[in-house]
Amino acid sequence: MLLHLDASARRTSFSRKLSSAYAENWRAARPEAGYAYRDLAARPVPHIGEAWTELCDHILEHEITDISRYREAVRTPAQEQAWKIVEPLLAEVVAADVILIGAPMYNYSIPSSLKAWIDQITFPKMSLEGRSFVVTGARGGAYGPGTPREPYDHQERYLRDFFKGHFRVEDVTFIHAELVNARVDPALAHLRDRHEESLAAALREAAR
Ligand SMILES: Cc1cc2nc3c(=O)[nH]c(=O)nc-3n(C[C@H](O)[C@H](O)[C@H](O)COP(=O)(O)O)c2cc1C
């Protein structure tokens, strides 16, 4: 099953364009496999609240590592409400073979809509081994190896570190369209061709 998430605040978006190219191709190659889609910007998941943290502490304290047992942590009406939000999100993640995320760079990092989703679905010592992540990103500048901005990339680095460090998933692919701001910022107009090249390469990779 492919779980496809988008997080850009805008509809005409490069991370959406790339994720949709990837999803189309993936689905065409596997017509029998399931597909679920979630637009985290249009229909944001709420931030976690206190009851969620109680579920989390219970799971940690009772050493519950089997996701199918998380429900045991629900003991109060407030926790039941919190669990109602978590359960369908988690069920999609558990069912997925590939989790595809359209994730723009916002302020060197990821959109808060995506972070809210990560906070909701992540519990202590939770493994997603056997799954893979694909992230289609877009950023205003260039953050590739050797660029002056490379150390400021907390978008790819955060997601890669988190998926590996917490979920134990090393099969993570990033496809970025860079220098998107060259389309609108007159000071970056001279980089427009490099942006177009980056976008074309990213679209080719996403469709592959
Ligand atoms: C709130 C916000 C913050 C942004 N922060 C950065 C940034 O830190 N670095 C950068 O290179 N581009 C930044 N950008 C530019 C976006 O990464 C760029 O427009 C990208 O194409 C957005 O993805 P989308 O096309 O999928 O909407 C920012 C844009 C927005 C709206």
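Every residue, even glycine, has its Cβ placed from backbone N, Cα and C.
These figures come from a predicted structure and were not determined experimentally.
Look at TrEMBL and you will find Ser8, Ser13, Phe14, Ser15 tagged as FMN binding site. What TrEMBL records for 2-196 is domain 'Flavodoxin-like fold'.
Everything TrEMBL records as a feature, shown here on the structure.
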residue : record           : Cβ neighbours (10 Å)
Ser8    : FMN binding site : 24
Ser13   : FMN binding site : 20
Phe14   : FMN binding site : 25
Ser15   : FMN binding site : 27
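Each residue in Asp6, Arg10, Arg16, Lys17, Leu18, Ser19, Gly102, Pro104, Thr136, Ala138 lies on the same chain as Ser8, Ser13, Phe14, Ser15 and has a C-beta within 8 Å of the C-beta centroid of that FMN site, without being one of the site residues.
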